[in-house]
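According to TrEMBL:
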type	residues	note
SIGNAL	1-28	signal peptide
DOMAIN	48-122	domain 'Inhibitor I9'
DOMAIN	151-578	domain 'Peptidase S8/S53'
ACT_SITE	ASP160	active site, charge relay system
ACT_SITE	HIS217	active site, charge relay system
DOMAIN	380-458	domain 'PA'
ACT_SITE	SER542	active site, charge relay system
DOMAIN	657-755	domain 'Subtilisin-like protease fibronectin type-III'
Amino acid sequence: MEHRRPFVLECCVLFLSLNSLVFRASEGQLLPVVDDQGDSTTSYRLGTYIVHVKKPEGALVLTRHELKQWHESFLPNTTLDSGKPRLIYSYREVISGFAAKLTPEEVTAMRSMEGVVYARLEATHRIATTHTPQFLGLSETGRTWDSGNKGEGVVIGVLDSGIWPHASFGDDGMPAPPPKFQGSCSDSSGVICNNKIVGARGFLEGEECIAIDHHGHGTHVAGIAAGNFVEGAEVLGMAAGTASGIAPKAHLSIYKVCYDDVDCPDSDILAAIDQAIVDRVDILSMSLGLSNAPRYYYEDVVQLGSLTALHHGIVPVTTAGNGGPTFNTLHHDAPWVLTVGATSTDRRIRAKVKLGNGEEFAGESAYQPDSFDSSIMRSIVHPEEDHCSAESLKTIDVRDKIVLCSAGGTEEVEKGKAVSEAGGAAVIIMNRKQDGYTTRAEAHDLPVSHLSYEDGSKVLAYFNSQKSSSTATIIFGGTVFEQRPSPAVASFSSRGPNNGNILKPDVLAPGVNILAPWPFMVGPDASATPSNPTFNMISGTSMAAPHVAGITALIKNRHPNWSPSAIHSAIITSAKDTDSDGNFIIDEHTNEAANVFAVGAGQVNPSGALDPGLVYEIDPATYPKYLCSLGYTTEMVEIMWHESVHCETEEHINPWDLNYPSISVVLSPGEVIKVRRTVKRVDESAEIYRAKVTAPPGIAVELSKQELQFSESEKEDNFDIDISITSLDKTSKHYGRGKIEWDSGTHVVTTPIAVEIAF
């Protein structure tokens, strides 16, 4: 991420953890305490461990002090040799357990203690507009906002790098927060609450820290979800207009969990979710990802904490990840979270490359200085190490030349800085094959054009044929709209299939070149003091998820009593799998139709999600049965469920038997998979829905009924689906996409189908 500010010491107040009943666990052999700075007598150092324990028998409700003492009873003692407390967090809601400083040997001994279920070393997550509200069909004169619904009365909890005091978070026209909300801006947060920001806390290793954003990511994400209206928003003069979030009148509660170059420790994330549950937020927006998707749901604290949040009526929204275009790279694939992939929009910030042979290629850049003379054709150079590190530029003369740089390796903005410092005139960034056609309009320090892989390859071929006689220039075209095809899946957006046979991502949302609030200036004057509110354009599934969090707030405003799974269903079944021209959404990796595991249900459709007609609801009590069917042990399920579960005797249900809004199956030749779905009418009028089936190639999808009839008194109906292979071509792809559409003439309820063939 570009334009980082130096990390500052932000924690100032010892976390007021729970401080008189003493509950003792049976003790196991524990080894001597090792100081957290290391000890010459051992090769081990302390680490932060997440420890899951059973609730004490006979205790109905423990005070915070009692809970802390119960958790401390599992530790060798309460303090380290350094005098620091071992116990970092005593979790009350999110899990039954705690976070503490322990050595591996101490953890091994602890596992033999009665009441200990599981312990693991914490992992670290990483953080993964003026136009997008209109692109999604939201505007002052549009159906959704014009109806008086801008998210009023809904609180979105944002777990990220904090928030910066910005005009987007002013409370002009904002109602007071709902009475049920129990959060606040802590004294140590450094944030002053108003009717927009209604809560703010920072979490770092058991200490309360300031929640001010010194990175930018958290501010950007919060602005996308619920930033208020700000006129005159722009980035270096580009993409100018009135900025707002998707739910501009929703409230924000900020939980800072990411520090020091955007590391986001597990223990802090769990503490933030724990607090968000106590605060009674309505939605959790978590643009957080892991380097590698974990094998089990309980190893990912975002999914682990989300299941508990769901029990409290909170809707968790998170990212698919930025590991695309490779398959099986998707994060956060549990059925109880809304998982969002990223698309491009129809807006481009044009920076055209013109070569000496007359060829022209359309690229992008947010920095378009008037001082750059596009009429001058400059020599092209290409460093051997084509990621354009500062070191690689020392071996060639780049002064007043245009430098060819490959995308990837380092931040694109950093490449431009290196070239600028070496005296270069401009940069052409060429996508790698994996980057495909996704280009970025970033706030560079010098003239830049970011080209697709296809166009960049042509530029490189021209250079290789002409060498020292090759020339080029960059011609700026400003902001243009209605570009096609749009939307399209960003090449970086992570894809399934996932490990639990649930179709993910659930939906797509804008995530390329998204304009939103930013704490400081960008571009060549980044160190200057801003005189107006500052904005930036960045890309990632981090930007896509808060779009859906904002849409969720609009739904929650319109339908305050809907369950999280009903909201989940409304968003999935109303999504569109076609672009603005009616063609199936393409993948910018290849510029061909996107695979079902890249597109999920399709692009979010706010107006459709607000009035879906029918919804698929899931009884949370079915989740343990689902987890047991995946091969989870009783202990694994108890980590997540917090209650006694016996997988040996528990009824198992297949992933496709969850009443999920999409269907994903793995088929073998000769096999017939039977699926049942139950739908609930949420519209007041009596309707008849008629089925239209689009089966994947070579697959039969047969319904038990072709009509669903709802009178004013009838609220639910169900139908069965038989899925089987009709023809098999082992030379073709082993997966396919289809869908079932229930059309009443007023509503269309779409159930996506993904089929994998097991040869």
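The backbone N, Cα and C atoms fix where each Cβ goes, and this holds for glycine too.
Per-residue pLDDT, averaged across the domain 'Inhibitor I9' (48-122), gives 91. SER542 (active site, charge relay system) sits 9 Å from HIS217 (active site, charge relay system), taking the C-alpha atoms as the reference points. The two recorded residues, HIS217 (active site, charge relay system) and ASP160 (active site, charge relay system), have Cα atoms 7 Å apart.
Around ASP160 (active site, charge relay system), taking its Cβ as the centre, 29 other Cβ atoms fall within 10 Å, counting all chains. A 10 Å cutoff on Cβ-Cβ distances gives HIS217 (active site, charge relay system) a total of 25 other Cβ atoms nearby, all chains included. For the recorded site, SER542 (active site, charge relay system), the DSSP three-state label reads helix. Reduced to three states, the DSSP call for HIS217 (active site, charge relay system) is helix. Sorting the domain 'Inhibitor I9' (48-122) by DSSP state (H, G, I as helix; E, B as strand; all else coil) yields 16 helix, 25 strand, 34 coil.
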